[in-house]
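Listed features, source Swiss-Prot:
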- Y298: active site, O-(5'-phospho-DNA)-tyrosine intermediate (ACT_SITE)
- E9, D82: Mg(2+) binding site (BINDING)
- 129-557: domain 'Topo IA-type catalytic' (DOMAIN)
- 163-168: region 'Interaction with DNA' (REGION)
- 577-603: zinc finger (ZN_FING)
- 617-645: zinc finger (ZN_FING)
- 658-681: zinc finger (ZN_FING)
Amino acid sequence: MADNLVIVESPAKAKTIEKYLGKKYKVIASMGHVRDLPRSQMGVDTEDNYEPKYITIRGKGPVVKELKKHAKKAKNVFLASDPDREGEAIAWHLSKILELEDSKENRVVFNEITKDAVKESFKNPREIEMNLVDAQQARRILDRLVGYNISPVLWKKVKKGLSAGRVQSVALRLVIDRENEIRNFKPEEYWTIEGEFRYKKSKFNAKFLHYKNKPFKLKTKKDVEKITTALDGDQFEITNVTKKEKTRNPANPFTTSTLQQEAARKLNFKARKTMMVAQQLYEGIDLKKQGTIGLITYMRTDSTRISDTAKAEAKQYITNKYGESYTSKRKASGKQGDQDAHEAIRPSSTMRTPDDMKSFLTKDQYRLYKLIWERFVASQMAPAILDTVSLDITQGDIKFRANGQTIKFKGFMTLYVETKDDSDSEKENKLPKLEQGDKVTATQIEPAQHYTQPPPRYTEARLVKTLEELKIGRPSTYAPTIDTIQKRNYVKLESKRFVPTELGEIVHEQVKEYFPEIIDVEFTVNMETLLDKIAEGDITWRKVIDGFFSSFKQDVERAEEEMEKIEIKDEPAGEDCEVCGSPMVIKMGRYGKFMACSNFPDCRNTKAIVKSIGVKCPKCNDGDVVERKSKKNRVFYGCSKYPECDFISWDKPIGRDCPKCNQYLVENKKGKTTQVICSNCDYKEAAQK
């Protein structure tokens, strides 16, 4: 029997670590948390200083029994759960269940699961850090008090199965606020004038800039005609040439948030999938003869700090592969994470290149590892150097400007370029070599009419970025928060963008009226700051909870008394039940709308419903536009009020009217190209990506 017992969260992690520690150590998994607040009741005594009532999680009895059996036989028990607040809390709960001494130095932490890192951590065990535990307890108790007080009110007044929470309610608010911006958006007309110019055999484009040495806004066609009629022939002169050298630095290595964003954009991974695959890479991959090794550092972090050892190894790799001129000369500028001295997400060894690892990884593991590896190595490389040139092209009072850039030294861009929404700005645009006084010929002057566009709906990547920018939640909360608002049917995804549902808007309005603090961004940010202060030992967790609950309790009492019961009426489905002949109605279920017999519970007939696209019928303005299929299985769009309304369209209506003729706009797909066009006139615009 091994003298030393080591407890970690997962079997994969246990398997990897046991190989490093040898026969004197037995490593077993707790399978995550073993204790938590009960699901059947509040589990927090608000009359006894918010004392939590922890119980063994249902189904974990056999695990706990096994842990106790091994702990009883071992001389030493080490708690090696993850190196964050959640991991610290798991270690504390294990110590309580196993009745370990509070002052015992039995907590080991490592940021990467490699032989050296694990062995080093066992040389320096420490006591459980209660400040970190208390910060996690405070978050858990806060979320319990909010959820278990608001949810019953929503069940009673709106619909069973609903929930609200500190982070999820703010995320829902962001989606709804953006939708309201789109609904209230009034498009404004504007014009641009682009010129094509020729110098010798070279052609290049430039945009209208100034009239009479001042910016001149082209709001209407009349403004455009003022410029075009002022032009005299096709001869222009280069009146100014500005050349600059621009340095572009690489992006920092990944944090949890930036990894989720970039994986969504480059790999089309959802946040939950990104974290699942990252966990596999962290906990260990079987590299056959090399053994099982964790390929990346811990994946829940808000730090961009990099250890000196990792920097030195990256520098060695870059020098050998690209030459010394490609290594970074910059001093470190990474931010320190709020939770503790974590590192950024990086490969545990730069020398384990994606190509070398490919045969050991699944397709998803390889793609994510390659992304993490390239981002990290690029972060340690020299900046790119761009030569930029700006040309002023003038005729009389009219000035056009052309901007160009070429890459002088690729630096980190040899390996990796961060995805940007404005990716066109990264492309090379060569201009002919021109000097002040040179003459050029305009071969084409092209005015174009445009209309301002509403702000785009949130993609998952953009929502994660906004939550991080606002300091809402923590790295570990982004993925489950986004999952929750979808599972509750508060939002739905359309073309990879979030749209609020009717139910989501109803819940939001009730929470906004009766629990304004819960959806207040500033309140949520302040609460995160207080949780950080608990972790730092500057304030007690009970004081933070009491400061919140004393006013929140009054909000709950007011909501119970004043919130009116909202009846979400069943919509008529427009057809009769084929079982009993009663009218069918449309009901809202966990996974969206479905048809059910109005004679329930006597008749339990249900059936799937045609898919609503969330747009009102542009013909009758009463029904919803629904997706249907023709006899040849081709998708078309019709009105849910059919046959009373015979609206039909092969193209998908988008819920906005044409700014030119006020007819409805549709999304038109031709091959791989999608654009928004008017159903009536020649108006068109780019589709939201």
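Backbone N, Cα and C define each Cβ position, glycine as well.
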For the zinc finger (658-681), the distant same-chain contacts (Cβ-Cβ under 8 Å, at least six residues beyond its ends) come to 187, 189, 451, 618, 649, 651-652, 687
Determine the Cβ neighbour count for D82 (Mg(2+) binding site): the number of other Cβ atoms within 10 Å of its Cβ.
-> 23
What residues in the same chain, six or more past the boundaries of the region 'Interaction with DNA' (163-168), come closer than 8 Å to it by Cβ-Cβ distance?
-> 142-143, 146-147, 150-151, 154, 467, 472-473, 477, 481, 484-485, 488, 507, 511, 515, 518, 524, 527
Distant-in-sequence neighbours of the zinc finger (617-645), which means Cβ under 8 A and at least six residues beyond its ends | 574, 610-611, 651-653, 657, 663-664, 679
